[in-house]
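Only one structure is covered here, and it is reproduced in the block below.
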């Protein structure tokens, strides 16, 4: 049996009932979410009964939703988005030189970034960052570069910032001290990593506000977030220019909330750097 759930759905689509087609359409548009959704959550999102979902998966040749869910996870595991975009950029031919094309694509992406929704959620995010007891930041794989930059810059003038890093042995120790007055910034893009999702889920259950920097309002971390900062990748580049722009804006806005104290701490950082000969 072909384990590609999208191929199986397409092959059987014409024979599906109206309810099953509704379910199939949701799955095709949001296949990346399926590994993270329980059957109850899928039913809630599609307004389809659990019995109908189970019957749907069995009619497609699966033992039930669990096997169907595993097959969806296998599919997105094979389709690594950064590599797909990189391959497309490498194989695409044209007269425009590569550097000019990348600059143009990133400029176009930045021009589409700004929106009323982003502005509103941005202000809410700054409020959460500057009022929380402790700020946690997490991301994995390629998104980690943005998370580390955000952590490093905020740490220059904020004492209560902690980076939650995938694969470090002390992450469970850090999580045990989390309180509901804490806040999490999570950065995650398709293909979404389970490590980031698990941390978001944990803080969400603790009642902590979560700020999601991601590419879709329906991404796994967005669904559990208090507020979403939508910063999609530039088309055909998988560039983080949008998320880095959002990160820079958060840093500046947070610093301005207590400008005098921020400047004092930054000056102290400069003094320490000079005293210890940090730079050449």
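We number each residue from 1, going along the chain as drawn.
Placement of Cβ uses the backbone N, Cα and C atoms for every residue, glycine included.
Because TrEMBL annotations are produced automatically, they should be read as predictions rather than curated entries.
Here is what TrEMBL records for this protein:
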{"type": "DOMAIN", "residues": "3-79", "note": "domain 'HTH rpiR-type'"}
{"type": "DOMAIN", "residues": "125-260", "note": "domain 'SIS'"}
Per-region confidence, the domain 'SIS' (125-260) (mean pLDDT, whole number): 92
Three-state composition of the domain 'HTH rpiR-type' (3-79), taking helix and strand from DSSP: 61 helix, 0 strand, 16 coil
Residues in the domain 'SIS' (125-260) grouped by DSSP into helix, strand and remaining coil: 61 helix, 25 strand, 50 coil
